[in-house]
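*Asks:* Just passing along the structure, written as structure tokens.
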Amino acid sequence: MVSFSLLRTTRPLQRCGQLVCMAARAQHSKVAQTQAGEAAGGWTGQESLSDSDPEMWELLQREKDRQCRGLELIASENFCSRAALEALGSCLNNKYSEGYPGKRYYGGAEVVDEIELLCQRRALEAFDLDPAQWGVNVQPYSGSPANLAAYTALLQPHDRIMGLDLPDGGHLTHGYMSDVKRISATSIFFESMPYKLNPQTGLIDYDQLALTARLFRPRLIIAGTSAYARLIDYARMREVCDEVRAHLLADMAHISGLVAAKVIPSPFKYADVVTTTTHKTLRGARSGLIFYRKGVRTVDPKTGKEIPYTFEDRINFAVFPSLQGGPHNHAIAAVAVALKQACTPMFREYSLQVLRNAQAMADALLKRGYSLVSGGTDTHLVLVDLRPKGLDGARAERVLELVSITANKNTCPGDRSAITPGGLRLGAPALTSRQFREDDFRRVVDFIDEGVNIGLEVKRKTAKLQDFKSFLLKDPETSQRLANLRQQVEQFARGFPMPGFDER
């Protein structure tokens, strides 16, 4: 297995080789384009983006530069491999293929049938699932459509569901609604009741969840989070589901890469259905997956007849034709590439490093006096509660953005405002993909702390959030401090390699 340190040493040499090859290909391609254009006397579709649309090309270059010179700490983001990006930008974008392998509504689907079947096989292999007991639909466009398709398959309109409350670390699609409005489509089409964290421990309150479930009698309980740094007790949630006769759906969108690498517990032993995105810790293209149990569910004690699971047909029908049309074949191929990568020893080492880096970041924050929801982390992220510091996540996010550190404001338990929530969510996956190690994350915390201190000083001088943002740009002393910190951050960040394409 190649070590991270060796990769760090050899990557610049690899990049040089890639640039030489790219230059040769570009020269050959340009000649071919010119010849083809002259022969056809018009549009050939072979024009490069830089030639065809310089304005868009420049925007892409600016975004690539932003990613290279900045520190990406948004927990739901990662850097996709060049191999997966090549599949994503391939001729598969051209093919329409409504339906499923062997049952398409369009001709010419023999190759995309093979691609979809390969993606299904790799998805099951990545999570060590027996094809006789589990199936997977790889067509959902992303995580939210995957969840809605699963709900559509498992529930009737206005059936009851329970999910972790959004301010406590849940996700919009788990049924969130405010005091005055149903926000998520899940809460519009189904009746939702949240479960919450224990305010003293910052952990999911499983006892209260069980009590609420006995009263609410949900048809579905969702085990999944978007800003919760601890492991989920799937066994306990299975007990609750069995007691109230509810399905258990595990949404592992944030942690699926860690599950595939076997560095945290898997939900598959306990869940009926498992959904996930593919671009977070799994480090693939943006898409969604729905896993479902199949085979024998139980045996009728009176007749001895086997009773099968019925999820497969219901989920497939919910995805197509109920909610989607033609699948995105280019995305399915790119996901298949990422799933193959997820089965390698290198990916397991990456996932272990994600956990080590998140822990190092949490420890460094605690040593600097920051408060973390639940007191730490077991996963890829930490949720910082800035309220004891006297700052909010919106102000911290803006300061960090101005110094090329990308994080996101996030609600903490007890928050009443999504505009100025008390939390800041920080994730390790993206920078770990750039080969950051523990000491590098401790340095990142130094930068964050300096940014927070700037934010605290400016907050004392301003009232409203808009005044705060304006002061950051207009006050000469503050602007200079931000510029100095930004220079340090960018100089540090540029010392690490970037996955994907080298456009420049």
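Cβ from N, Cα, C; glycine included.
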*Asks:* For the candidates LYS30, LYS64, LYS474, I need the one that Swiss-Prot annotates as N6-acetyllysine.
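*Replies:* Of LYS30, LYS64, LYS474, Swiss-Prot lists LYS474 as: N6-acetyllysine.
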*Asks:* Can you tell me how far the Cα of LYS474 (N6-acetyllysine) sits from the Cα of LYS181 (N6-acetyllysine), in Å?
*Replies:* 38
*Asks:* Which residue among the modified residues LYS103, LYS196 has the fewest other Cβ atoms within 10 Å of its Cβ, if you could check?
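*Replies:* Result for the modified residues LYS103, LYS196: minimum number of other Cβ atoms within 10 Å at LYS103.
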*Asks:* Most Cβ neighbours within 10 Å: which of the modified residues LYS181, LYS280, LYS464, LYS469, LYS474 is it?
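*Replies:* When each Cβ's neighbours within 10 Å are tallied, LYS280 tops the list.
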*Asks:* Report, in whole Å, the straight Cα-to-Cα distance of LYS464 (N6-acetyllysine) from LYS280 (N6-succinyllysine).
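*Replies:* With distance taken Cα to Cα, LYS464 (N6-acetyllysine) is 34 Å from LYS280 (N6-succinyllysine).
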*Asks:* Measuring CB to CB from SER470 (phosphoserine), give everything in the same chain under 8 Å that is also at least six residues away in sequence.
*Replies:* none
